[in-house]
Amino acid sequence: MGSSPALPRSTNPAALLAHLAAVLTSPDWFLNPSLPRLPALLTPSLPESLPVPLPVRLAAAAARAAAPSRHLLAVALPVVLRLHSLSPPPLRPLFDRPFASLLAHLSRFALAPLALRLFAHMHRHAPPAPTAPTYNAVIRSLCRRADLARALRYLSLMVRSGWRPDAYTFNSLIVGYCRTNQVDVARDLFDKMPLRGFAQDVVSYATLIEGLCEAGRIDEAVELFGEMDQPDMHMYAALVKGLCNAERGEEGLLMLRRMKELGWRPSTRAYAAVVDFRCRERKAKEAEEMLQEMFEKGLAPCVVTCTAVINAYCKEGRMSDALRVLELMKLRGCKPNVWTYNALVQGFCNEGKVHKAMTLLNKMRACGVNPDAVTYNLLIRGQCIDGHIESAFRLLRLMEGDGLIADQYTYNALINALCKDGRTDQACSLFDSLETRGIKPNAVTFNSLINGLCKSGKADIAWKFLEKMVSAGCTPDTYTYSSFIEHLCKMKGSQEGLSFIGEMLQKDVKPSTVNYTIVIHKLLKERNYGLVARTWGEMVSSGCNPDVVTYTTSMRAYCIEGRLNEAENVLMEMSKNGVTVDTMAYNTLMDGHASIGQTDHAVSILKQMTSVASVPNQFTYFILLRHLVRMRLVEDVLPLTPAGVWKAIELTDVFGLFDVMKKNEFLPNSGTYSSILEGFSEDGRTEEATSLVSLMKEDSISLNEDIYTALVTCFCKSKRYLDAWVLVCSMIQHGFIPQLMSYQHLLSGLICEGQTDKAKEIFMNSRWKDYSPDEIVWKVIIDGLIKKGHSDISREMIIMLERMNCRPSHQTYAMLTEELPDRE
């Protein structure tokens with residue numbers, strides 16, 4: 001006789017069930033000494049003195065232990081069936097209760113395949129034979145899975161077997177009809193229940209209300225709810241969810257409050273619906289308050305609900321709040337999934353903080369969550385937008401190293417970035433490689449290439465790609481044609497652009513607002529105002545309403561002409577027509593007033609734009625400072641380039657701007673200082689930058705992350721590296737994470753100045769755990785040191801990283817091998 005399986009040390013139900021399954025494979029299973037102990041271990045609440053034979057007790061314990069979990073039910077079912085098969089015939093009828101218990105749980109989880117397996121076993125190996133509750137459990141599980149056709153077959157078998165359908169059966173069928181989008185049939189069945197002698201209970205009402213809500217028939221659901229004298233909490237929960245999904249969340253919230261007033265604890269589903277509604281409304285704070293309330297009431301929000309709140313904060317740009325909710329959900333036992341981390345990755349990338357998004361790669365792996373193709377695509381796009389195309393290609397290698405397949409989205413981001421960087425030859429080569437990679441280019445791929453080629457003056461190649469686009473089955477759209485219209489207007493004038501639009505109309509291709517705006521812009525430059533009016537009229541009559549770019553183009557022309565009243569009228573027309581006035585539009589009007597010496601009026605526009613939540617940018621303050629410099633300089637010798645203007649700007653000009661702003665009751669804020677400091681930092685003007693920081697402190701304005709970054713850049717450009725290091729340390733002390741490019745400039749600069757030991761000291765004392773090890777190597781070591789000839793020091797720094805337990809991936813080690821020169 002072989003050795004019997006030993007009882008596991010763990011009292012985990014899965015381990016105990018696995019042990020029981022192993023025991024039952026032995027011919028002398030009934031002799032195993034662990035069997036009498038198993039019922040109490042599986043289900044401590046099961047009475048030990050239960051006067052039933054051991055096999056039945058084991059089956060009952062297995063069924064009860066598996067109840068809370070889909071996985072455990074799948075494990076327990078074959079064990080219970082095996083116990084039934086191994087039991088002598090006189091014991092088999094006693095399995096009716098374990099079978100009924102299992103069926104109830106299988107039906108609750110809609111585990112129809114398992115329920116059908118149990119039914120088939122009962123049918124073949126009776127007793128116990130299927131009864132009305134057995135049929136009902138199978139029908140309910142099938143209906144919940146929208147498998148109505150099979151449910152009806154089992155209903156027919158139920159009737160043929162002599163069992164009469166009851167209210168439970170009708171309620172199950174109502175579920176089935178609702179879930180197969182046959183709500184009218186479900187309503188008819190609901191109405192016929194009293195005629196068949198069955199009362200419509202709360203389950204009937206709740207089921208039909210939920211079906212009506214899912215079908216979008218909310219008013220009917222509300223009316224049906226009103227017919228019930230005493231609706232229960234399930235009916236309330238169904239209606240809360242339906243109202244929230246129908247964008248009637250305030251009514252849903254009232255229903256939720258009513259549930260609380262009645263002394264009920266609203267269900268997880270009801271709360272989740274309200275949370276999701278708040279998130280869609282972009283009210284992340286209110287959504288989080290509901291989430292907190294769920295936790296306080298002992299409910300367990302699912303990962304989808306928690307992720308919705310995180311995503312809402314990310315969309316609002318409130319990343320610190322998003323991270324706080326992430327920690328809260330982990331603390332409460334809700335494990336984040338890949339979608340949770342992807343929301344955070346996208347949020348950081350949208351904020352231009354790709355280095356923070358990159359750190360999530362390691363953090364999610366540490367939590368047992370593997371990045372997917374979406375994660376990598378978001379990071380690749382983020383690196384491209386940030387101007388780090390080489391790092392984007394390195395991410396592609398990491399992606400492939402993780403066994404993930406790059407798709408259209410991946411290559412579209414890379415091709416678009418190369419085109420925008422003027423590297424059209426590389427973009428074309430990458431395009432040519434798509435076929436061998438099994439990637440089919442789409443309209444976005446072709447449009448990126450065509451636009452890049454036209455902007456690079458390679459229109460002849462762009463035309464060839466247009467032919468390829470059509471051959472590939474991609475229909476050119478208005479974006480495709482915009483590239484050609486813009487090229488023709490630039491090279492040959494507005495008439496060529498208009499002719500192209502004419503050809504589009506002849507081919508039944510409707511031009512877009514963008515197409516017309518390009519031509520209107522050129523016509524305004526040519527001062528052909530008569531044709532502008534005619535083209536504008538054609539645009540509107542064809543159903544293309546002017547957008548913010550069209551209006552801004554018109555406004556700019558008026559400003560150049562000095563016709564500021566007409567420019568102001570354009571702004572009013574935009575607001576009247578519901579077109580959101582953006583920063584560029586305000587900047588254009590501000591520039592018009594500043595250019596004729598109306599500084600106060602220009603600042604009043606600045607004040608107006610902030611009042612409507614339009615954020616001033618660096619160019620906004622550049623416009624005002626340029627005007628003040630022009631007033632200061634006697635001769636018109638002001639350089640035309642922005643870089644030249646920033647060189648000419650002095651602190652007195654900045655102070656003059658601040659005086660005008662204060663005079664117009666608009667105080668400089670952190671955004672004002674940040675924009676001006678960025679301008680000074682590009683030229684390494686540390687004295688001016690230091691003076692502005694002192695002024696900020698006097699005005700009790702704290703340095704933010706962008707200001708710190710600008711200051712570090714400024715000091716590095718003026719080769720004051722030790723001062724830059726002091727700023728980096730201060731930045732970290734205030735809770736900010738410096739960008740890796742700051743470290744690149746700092747360490748490379750120190751080594752170039754012969755301060756290698758200091759560079760090593762700084763590297764050793766830096767908080768690299770806050771970054772992705774791969775990105776540290778890419779941006780600081782490869783791009784910053786190796787490419788500037790500091791290979792030996794780079795090797796030392798790699799060793800330092802390893803000692804700090806900050807190891808890059810195998811793919812990055814391979815990149816290092818490719819970049820480092822061989823030692824002689």
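Placement of Cβ uses the backbone N, Cα and C atoms for every residue, glycine included.
It should be emphasised that the depicted structure is a prediction, and the values quoted were computed from it without experimental measurement.
TrEMBL has this to say about the protein:
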REPEAT    131-165  repeat 'PPR'
REPEAT    201-235  repeat 'PPR'
REPEAT    267-301  repeat 'PPR'
REPEAT    302-336  repeat 'PPR'
REPEAT    372-406  repeat 'PPR'
REPEAT    407-441  repeat 'PPR'
REPEAT    442-476  repeat 'PPR'
REPEAT    512-546  repeat 'PPR'
REPEAT    547-581  repeat 'PPR'
REPEAT    669-703  repeat 'PPR'
REPEAT    704-738  repeat 'PPR'
REPEAT    774-808  repeat 'PPR'
Using Cβ atoms and a strict cutoff of less than 8 Å, what residues sit near the repeat 'PPR' (372-406) while being 6 or more residues removed from its termini?
338, 341-342, 345-346, 348-349, 352, 354, 357-358, 361, 364, 413-414, 416-418, 421, 423, 437, 439, 774-775, 778-779, 783, 809-812, 814-815
Quick test of the contact rule: Cβ under 8 Å, at least six residues beyond the ends. What residues does that give for the repeat 'PPR' (512-546)?
478-479, 481-482, 485-486, 489-490, 493-494, 497-498, 501, 504, 553-554, 556-557, 577, 579
May I ask for the residues of the chain that lie six or more residues beyond the repeat 'PPR' (267-301) and have a Cβ under 8 Å from a Cβ within it?
233-234, 236-237, 240-241, 243-245, 247, 249, 252-253, 255-256, 259, 308-309, 311-313, 315-316, 318, 321, 325, 328-329, 332-334
How many helix, strand and coil residues does the repeat 'PPR' (267-301) contain under DSSP?
26 helix, 0 strand, 9 coil
Intrachain neighbours beyond the repeat 'PPR' (704-738), with Cβ under 8 angstroms and 6 or more residues off its ends:
355-356, 670, 673-674, 677-678, 680-686, 689, 693, 696, 745-746, 749-750, 753, 755, 758, 762, 767, 770-771
As a test of reading the model: what is the averaged pLDDT for the repeat 'PPR' (512-546)?
93
Beyond the flanks of the repeat 'PPR' (131-165) by at least 6 residues, Cβ under 8 Å:
99-100, 103-104, 106-107, 110-112, 115-116, 119, 122, 172-173, 175-177, 179-180, 182
Take the repeat 'PPR' (547-581) and find every residue of the same chain, 6 or more past its ends, with a Cβ under 8 Å from one of its Cβ atoms.
513-514, 516-517, 520-521, 524-525, 532, 539, 588-589, 591-593, 595-596, 598, 609, 612, 614
